Each structure stands twice: as C-alpha cells, then as structure tokens.
C-alpha cells in the first residue's frame, strides 16, 4: 500500500506545510491581540428612585423611566430618610440601559449579541434595632419588569419583554456602623440573562413589595443604593470572531471533501481513524458555521444555548478523537483484527459521553428555562448555587484528569515505539533510515497533539470559571483575552486541517517488480531520501495488513507479533 501523506511527503514540502500552518497560528493570535477588543464589556448603572403610580401598579404595560420625555417623578435619598416608613411600597427602582455618554444617547448594537444583569444590593437598619448581623441566606422578593424599545420609537413607547416575581438569597456583611443606622452590603446576585441583544434600549423596573400577611421582605430595613452591572459581548470582538469563522469555514469544508475523496479511491473500507477524522471535521464545520449573522436580522434568544450545544459537540468529538488517536498508535492488540469503537474504546468514550451529557443537562436546566423566563438562574438558591459550583469544579477536575490520562497514553505510545526501535539496528541501512524518519515525524505530531490538548483543557477550565465569576461569592477575577480565544480557536482549525492533510492516503504508485529487484530499488530510493530532502519517502515492500493506514503502524505491529 502507499501509506499516508505524512509518510510520503518530502522533508522540504513538509517543512513548508508546517511553516505555513505555524504562520497562520501566529496570525490568529495577533488578530485577537492587536485588532480585537476584550471579549466582554460591562456598565455599572446606579438605580434611580421613582415614585410609584398606584393607579397603574399592576399594569404590566406601564413602565417608569428616568430619562426622556414623560420621565417619572424622582425621589431623593433625603426624602426617603425623612419618611418614617422609608416610603415603603412607594418607590420603584429604575435602570435605563445603556447610559448616555458626553450628552449623547447611546444604543445597543446587535453585534453585542447578549446581555447579562447582576445586582449589587445595599440596605440599612436603624441602629436602635436589635439586629446587628443580618441572617445568612436572607430571602429577598423582587417584582421585576424588563422592557425594550428601538431607535425611532417615542420615549414612552416601552414594550414588555419579561415580567416575574422572583426570590433571591442574599449574603450580607456590615459595611458601616453609624450612630443612626447600620449599612449592609451584599454579594452580587444574578438578575437576568438575555441570549439575544436585538433591541436598542432596555428598561428594568424593580419593586420590593412589603406584605405583612405573606411575610414578604419584612426582614429588611430599607433599601439604599442598588447597582446593576450590565455585561455584554463587545461588538468589535464579534466582528473579528465572525470574520475568523467566515474565513475558516470554507477551508475546513474543502479539505474534508478532498480527504474523503482520497479515502474512497482506495480499494479498502475506511479505517477507524479515518472515520474519526471525518467526524471531527464535521463537528468543527458545525462549530465554524457563522450562524451569528442570522442574529443581526432575526431575534434568536436561543443563540447562547445553541452556541453551547455546538461547542459541546465539538468538545465531545475532539476528546473522543484524541483517545482513539493515541490508542490506535499504542499499537498493542491481541489480534490483527480491524479496530472498532465497540471492541477497543467503548470504556474510554463512555466516560467522555457521560461527562458531556451531564454538562448538557446542567446547561439546559438553566439556559433552556431562560428562553421562557430570563430572570431564572440556578444560582439564585443556596442549594442551586452549591450544585452549580460543584458542576464547575467537577468539570475542571475532569478536564485535568482527562489531560493526565491522555499524557499517560501518549507516554505509553512513546515507550512502545522506543521498545520497537531496538529492532532497527538489525535492519538494513535503508529500512532503518526509513523508519527513523517516520518515527521522528510521528513524535512531532504527537507532541503537537499534546500541546493542543493542554491549551484546550486550559481554555475550557478558564471559560467555566469566567462564566461563573459574576455568580459566585469568591473574589476571583478571570479575564479571557481576545488573543487567547482567537488563538485557541485558530489552533483547533489548523490542527484538524493538518491532520486531514497528513493522514490522507497517499496515491503514489510504485512500479511492480520482482522481489529482489524491488528490494534493491527500494533501498536506493530510501538512501537517496536521506541524502536529499527533495526526494520523497518511498514505501518499503511489506506484507502489511491492507486495512492499515500507516506503515509505521504496520512496522510496530509486525515487531510486536514477532
């Protein structure tokens, strides 16, 4: 058989290919580092106090807003302090987004993709109160109304986006103890999450109803400042991200078609590794598909969930591929039968599948529900927060364990090849030079695989922590840089692109000759290959299994059986 392109490509051509791919990798890092802004931005919005309109208090089509024609009657902090009841049930906390800048009205762009809101709460107790420390897991009931309007709409033309009465649990500490009151500040609480940023302006009305019969919000003194942190994806980063996807998508599709065409030209059924390469390329193509362009014209609140599903499919396929890739090159089998998922890898891949399904269930339990209720969050209850944190920690530990196991498998591959290499001195010079060249190329590819796996696992763990840092209580700050994101994304494409090229079947046709003449000619070709990088590796005559895709595999298995 003719083997793979990795085996038959000349040293100079292989160097040009590897150099070109490394240059593309550097460009991906520079694209994010020099041209893209940080992936996400945030704005802190201090809530305005508006006096409640009791006649329309239960009308969900009525909204109070602080800027523009027809704005609400605002209440000062002094008026609240002077009232004996602190204006209970008479105040609405209003957040109008985005904030103006330099007297210019700003609006959200659909390029910003999504919007997440978290709330910082401060409240006070009279110093005469016996309560000095608020109870832990303090339950707060909030009437939330989220509205929107678009550019060109009148200032009062707010339309309801979502409404709900939700519970949040606070963990607070005393920030200032004064002679008249004690001020408490609380950890940030998740408020809402929008999977699509389709409209120009958003308005949030928050009410904290006091109800004695229902024991609602009676444990609080009175509200002080409320600060909403609105987090969104930066539009400039989305431009760069979609440009990268648009450029990479046709290249991956083209190389997949080319690869599978070469496989089907062979007079054998595709090997397991060839099937896995095709599935991996398909998962990458699905990830590369720039569906985000549709969100610029169509409101797609499920885009965040869809992005998580696409990335989850890719992670599952990539992790599975690495196990099969390393396993196929460990080259230790009890028989020379063709490898299958069921016969060799079902235990390894079952663990990957179970882990990915668990993460999918966790994701759908939050973002799936948010399609109907954007105020829902699994982090809002103490039990839910512990479960969510446990999932994040478990995902990080599992990723680290997977990487260590992959390192173990690759170390066994190197050990096995080292053991088989002891048989090289007994071979002819031509055959020894041939296999030494193949082993060198193979080791380089395995080290590149290990580097790709390390960056992937690091990116996964940092991504999980960055997503949860606004929702947990620890003071942990994780910032994924644009250069890291575009670099890792480009690395996935370049790595899989290289594998599809290097593991594609080589269709070089070698002349048919008698055994003695064939061996002489083969020796001459290989010695010439060692002397000149222009001459390509040629296959040594062997009785290798026609199902093998690599003569290195054939060599090591042959030695193993002997």
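Cβ coordinates are placed from backbone N, Cα and C, and glycine is handled just like the others.
Per Swiss-Prot, the residue annotated N-linked glycosylation site among 58, 337 is 58. Looking up the ranges 513-537, 538-562 in Swiss-Prot, the one annotated as region 'Disordered' turns out to be 538-562. Membrane topology as recorded by Swiss-Prot puts residue 108 and residue 505 on two different faces.
Swiss-Prot assigns the feature transmembrane segment to one of the listed ranges (198-218, 219-239, 240-260), namely 240-260.
Checked against Swiss-Prot, the range among 166-186, 271-291 recorded as transmembrane segment is 271-291. Below 8 angstroms of C-beta separation, residues 6, 315, 318, 322, 325-326, 329, 395-396, 399-400, 402-403, 406-407, 410, 413-414, 417, 478, 480, 484-485, 487-488, 491-492, 495, 498, 502, 552 of the same chain, each at least six residues beyond the ends of the transmembrane segment (442-462), sit close to that stretch.
Of the recorded ranges 312-332, 387-407, 483-503, the transmembrane segment (14-34) has the largest number of C-beta contacts under 8 angstroms with 483-503. Among residues of the same chain six or more beyond the transmembrane segment (387-407), those with a C-beta under 8 A of the stretch's C-beta atoms are 319, 322-323, 326, 352, 355, 358-359, 362, 366, 378-379, 450, 453-454, 457, 460-461, 464-465, 468, 471-472. For the topological domain 'Cytoplasmic' (1-13), DSSP puts the residue distribution at 7 helix, 1 strand, 5 coil.
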